[in-house]
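Features as listed in TrEMBL:
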type	residues	note
TRANSMEM	74-96	transmembrane segment
TRANSMEM	103-120	transmembrane segment
TRANSMEM	155-176	transmembrane segment
TRANSMEM	182-201	transmembrane segment
TRANSMEM	245-264	transmembrane segment
TRANSMEM	270-288	transmembrane segment
TRANSMEM	309-329	transmembrane segment
TRANSMEM	349-366	transmembrane segment
Amino acid sequence: MLWFAALVALPLVLAGMGVYFLDLQVYRTGGLAWLKGLPLYVGFPGELAEFNLPFTYPPIAAVLFSGLTFLPVWLANTLMTMISFLCLSVVCFVVTRRLTPRTNVVWTVSAAVPVAAFALEPVHSTFAYGQINLLLMAFVVVDCLAVTDRRWRGMLVGLAAALKLTPLIFVLYFAVRRDWRAALTSVATFAGLAGAGFVLAPRDSAEFWFHNVLDGSRVGGIAYMTNQSLRGVLHRLNPGQSTEMLLWVLLSAVVVLLAVVAARRTRHDVVALVAIAIAGLLVSPISWSHHWVWCVPAFLALAFLRRNGTGVALGALVVVFSLGPFNWLPSTGDKEMLWTWWQHVYGDVYTWIAIGVLVALAWTRVPADR
């Protein structure tokens with residue numbers, strides 16, 4: 001079976017390619033720092049300084065990541081790869097099941113698309129970095145589209161937000177759908193886990209929540225080409241700091257409004273969820289290209305909810321998200337600040353596409369789930 005072969009072969013292929021799983025090593029380092037009682041946010045000393053990257057997640061994430069330190073590096077890399085592939089498969093299954101009633105199609109898509117999706121830049125970058133993007137997306141998709149017991153609905157979104165903050169945007173999905181209990185459950189779960197962080201890592205929690213949380217630059221250079229968010233685009237356009245911040249706030253408000261309108265107008269839960277996800281990616285200060293794994297459910301929705309011209313649009317989008325055109329441009333050392341206007345056209349392409357999709361969804365009524 002192709003799917004099973006991919007599950008087994010993918011860790012071997014990545015290892016053979018010499019993939020370093022850089023972000024996964026940072027997760028391990030954060031977990032080890034917490035176990036050793038070292039501060040998480042001031043630079044790791046000694047042997048922990050090998051990767052020269054900051055730990056940018058909430059302290060409770062370091063507590064949970066500490067489990068990785070008990071595994072050999074090769075085994076942690078293998079498990080993260082396999083778990084990510086399983087999560088991508090779960091996302092495809094849950095989303096497709098909401099898009100078509102045909103069971104055979106659901107299973108076929110769930111087996112084939114995760115394999116094919118490796119060609120997409122956000123997906124293969126997530127695997128290469130050992131990132132948790134696919135895990136978080138699976139939490140959100142399952143919670144929003146599959147959990148039917150109202151007692152538990154919202155908990156996975158809260159867990160995802162406790163690990164990486166940005167999934168908090170999906171509380172808005174529950175609010176738009178008037179599922180107030182799930183919205184409250186999400187917030188309560190998030191707050192409870194943040195509170196657990198204060199118990200288990202009080203010093204780091206105080207540092208993160210009272211000093212670091214609003215500092216977008218803590219997670220890396222905002223100008224870097226793979227930051228495909230509104231803030232990243234504005235920063236590269238270099239209008240000046242005060243103008244940049246003002247435009248970011250105003251445009252973020254417009255984006256959230258568009259997402260709410262789109263989610264309210266559509267009668268399809270998958271489309272509503274994709275609209276909220278796009279808004280979250282756009283308004284976040286940092287949305288690295290590998291965060292854009294939400295292109296997978298978006299492409300599935302476009303494939304199944306066909307209208308005139310959607311086939312051509314889907315093909316074009318798959319090509320763009322496979323190429324990652326920004327990788328062809330000058331980068332690092334703030335070279336992005338010198339891009340010409342035409343380099344911004346394709347250097348910021350994920351952002352332009354996302355804005356266009358949101359505008360289209362806000363003015364289009366998509367039929368209800370089948």
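Every residue, even glycine, has its Cβ placed from backbone N, Cα and C.
Curation plays no part in TrEMBL annotations; they are all automatic predictions.
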Practice prompt. Considering only the recorded stretches 74-96, 103-120, 309-329, 349-366, state which has the highest number of Cβ pairs under 8 Å to the transmembrane segment (245-264).
Written response: 349-366
Item to complete: Determine which residues of the chain contact the transmembrane segment (309-329) at the Cβ level, with the cut-off under 8 Å and only residues 6 or more beyond its ends counted.
Response: 119-122, 125, 225-226, 228, 289, 292, 295, 299, 302-303, 336, 339, 343, 346-350, 353
Worksheet, complete the sentence: Near the transmembrane segment (155-176) in space but 6 or more residues beyond its ends, with Cβ under 8 Å, are 57-58, 60-61, 64, 132, 136, 139-140, 142-144, 147, 182-183, 185-190, 192-194, 213, 256, 259-260, 263-264, 272-273, 276-277, 279-280, 283-284, 291
